[in-house]
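Engineer: In case it's useful when we look at the structure, here is the feature table from Swiss-Prot:
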- F292, I293, Y294, T295, S296, G297, T298, T299, G300, L301, P302, K303: AMP binding site (BINDING)
- S501: phosphoserine (MOD_RES)
- 1-30: topological domain 'Cytoplasmic' (TOPO_DOM)
- 77-690: topological domain 'Cytoplasmic' (TOPO_DOM)
- 31-51: transmembrane segment (TRANSMEM)
- 56-76: transmembrane segment (TRANSMEM)
Amino acid sequence: MGVRQQLALLLLLLLLLWGLGQPVWPVAVALTLRWLLGDPTCCVLLGLAMLARPWLGPWVPHGLSLAAAALALTLLPARLPPGLRWLPADVIFLAKILHLGLKIRGCLSRQPPDTFVDAFERRARAQPGRALLVWTGPGAGSVTFGELDARACQAAWALKAELGDPASLCAGEPTALLVLASQAVPALCMWLGLAKLGCPTAWINPHGRGMPLAHSVLSSGARVLVVDPDLRESLEEILPKLQAENIRCFYLSHTSPTPGVGALGAALDAAPSHPVPADLRAGITWRSPALFIYTSGTTGLPKPAILTHERVLQMSKMLSLSGATADDVVYTVLPLYHVMGLVVGILGCLDLGATCVLAPKFSTSCFWDDCRQHGVTVILYVGELLRYLCNIPQQPEDRTHTVRLAMGNGLRADVWETFQQRFGPIRIWEVYGSTEGNMGLVNYVGRCGALGKMSCLLRMLSPFELVQFDMEAAEPVRDNQGFCIPVGLGEPGLLLTKVVSQQPFVGYRGPRELSERKLVRNVRQSGDVYYNTGDVLAMDREGFLYFRDRLGDTFRWKGENVSTHEVEGVLSQVDFLQQVNVYGVCVPGCEGKVGMAAVQLAPGQTFDGEKLYQHVRAWLPAYATPHFIRIQDAMEVTSTFKLMKTRLVREGFNVGIVVDPLFVLDNRAQSFRPLTAEMYQAVCEGTWRL
């Protein structure tokens, strides 16, 4: 008899006792004694209680209750069910989630709605002189809640004057203002200013160039693009395409060096800083778009994932949910075009009233110095970041800091243990989720290596399935009836999250088919709909989930999602390459997978490592650049003419297995050089820098 059946029988037994008017506490006492003390001790105590019954008199329960207690002992297992010991933590976390959900829905149901902007304005009025943002590095400085609010109001009035009525700016489909920023504070002012007007904003990766950047701008549906002046070259490369689509472009400066591009600096300086009426946001609902964050996904070029006002508020509460308070100082080196840096970090501090320290980029030599200088108590991470910190030489002051909490995702168990052993008992708050996904997981009890914890109670609120999958097709396997096949405990399975009213999937801005590709139907029964995360997880008996792999055409390197389609598109522009197949391969001691490309040369052409190096450096960000090239005579394809990757991924760049010519990216030589056995050994040992 399974545990579920045993629990059902026990529940019926308790209901029967309650119906007969008998106490049920003897059953609970008997089970507790058995689980805590074991069978022998429990039997001795119950036997003594029966022998002492004549002297205990009225305190002894009725015979029916005693009989029920004895029956309960035979029904349930001798040991406590594995997940039951986490029941108090599960209940507390579920209560917090429900409370936050009801509070957020209530705020957005008001008229005008109470959005994240309203929460920020309340903080600015309550503590105008408190430092909100502190930035490090060249030009270090800070801005208070009051100062940022005033500058955001100036941005709102300047944009309203420059672009017209916000109602027309956001008419029809949600129209975003795009921010292509390399400097945090001016971009944040523009974002908050547009939010005060009720308009969503799209944040674009400033490292993009050429076709991927143009695609990102055009796919947003935005009519306005605001650019930092130091990204002039990137803008001018795509400006003709933007002008053909009547997209207005502005620099965040007082002058414009580019014909056809305006400058907002003077208008921002001249704009008033008085409050923006909340009535301008009256049309917002909990379903309204608040942000567009670009994600590589698994189906091609970057797509603008829609973050609704409800979703933004939920994500911004993660710091509060982890136990952070207004007294904390949060440190982040994560980019603002990512959810973790912008929503969890910046908005989380806006919500809490805490101070956020922004570093321009990650530096192992500056990380702990910054933390000590600014009294940092909370750090945000991706798994790769903490591994880099563990790899630097040990210092006497490694534990001389005030950091008590680290929040992020993608932390491996070995790095988790090493990090805490070296830098002290810092509590790890590991979370899991995707920008466009409809469900997240939180490791709220701190189990090392787990990306999240799922109780039976929480699963009723956020249903999901782990199912068998076809690695090559990157899709679920179905049984004879056409339904997906669940995996057992401890077995790797593709994570599918159910789309229900309290867990909707909003998807991407653009054609509906972009979002439909992420949905799987008829998973457990006819008519149900699930979101395909593309991630392979395994769940143990206690409800902890562990990451196993990532399916599809995306892999993760240096904390960034890399779209193989995007990289293939860039490489295909090289004249001596006829066909390109990009994939990620594992490197010993490194998080994620590094990019590798199997290529077929065009007829009569030879491989030019220097030319390829110059091309990828010009058109791809560093994290998306393939580090290994494999030259094949012919590409393997499936019956539907899809390029096959499984064998290529398995063989990787192992010179002892691969017979095809292999090349490695050499930054010193500024070329792709033939990969030798010595170079391969250096990569595996970590002495060759990737």
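Each residue, glycine too, has its Cβ placed from N, Cα and C.
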Engineer: Give the three-state DSSP assignment (helix, strand or coil) for S501 (phosphoserine).
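Structural biologist: DSSP assigns S501 (phosphoserine) to coil.
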Engineer: Please report the Cα separation of Y294 (AMP binding site) and S501 (phosphoserine) in Å, rounded to an integer.
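Structural biologist: Y294 (AMP binding site) and S501 (phosphoserine) have their Cα atoms 24 Å apart.
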Engineer: Tell me the Cβ neighbour count for F292 (AMP binding site), meaning other Cβ atoms within 10 Å of its Cβ, over all protein chains shown.
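Structural biologist: If we count other Cβ atoms within 10 Å of F292 (AMP binding site), we arrive at 27.
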Engineer: Would you count the other C-beta atoms found within 10 angstroms of the C-beta of Y294 (AMP binding site) for me?
Structural biologist: 25
Engineer: Rounded to the nearest angstrom, how far is the Cα of the residue listed as 'phosphoserine' from the Cα of F292 (AMP binding site)?
Structural biologist: 21
Engineer: Do me a favour and check the Cα-Cα span between P302 (AMP binding site) and S501 (phosphoserine); whole Å is fine.
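Structural biologist: P302 (AMP binding site) to S501 (phosphoserine), Cα-Cα distance: 27 Å.
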Engineer: Among the recorded positions listed here (P302, S501), identify the one with the smallest other-Cβ count within 10 Å.
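Structural biologist: Among the recorded positions P302, S501, the lowest count of other Cβ atoms within 10 Å belongs to S501.
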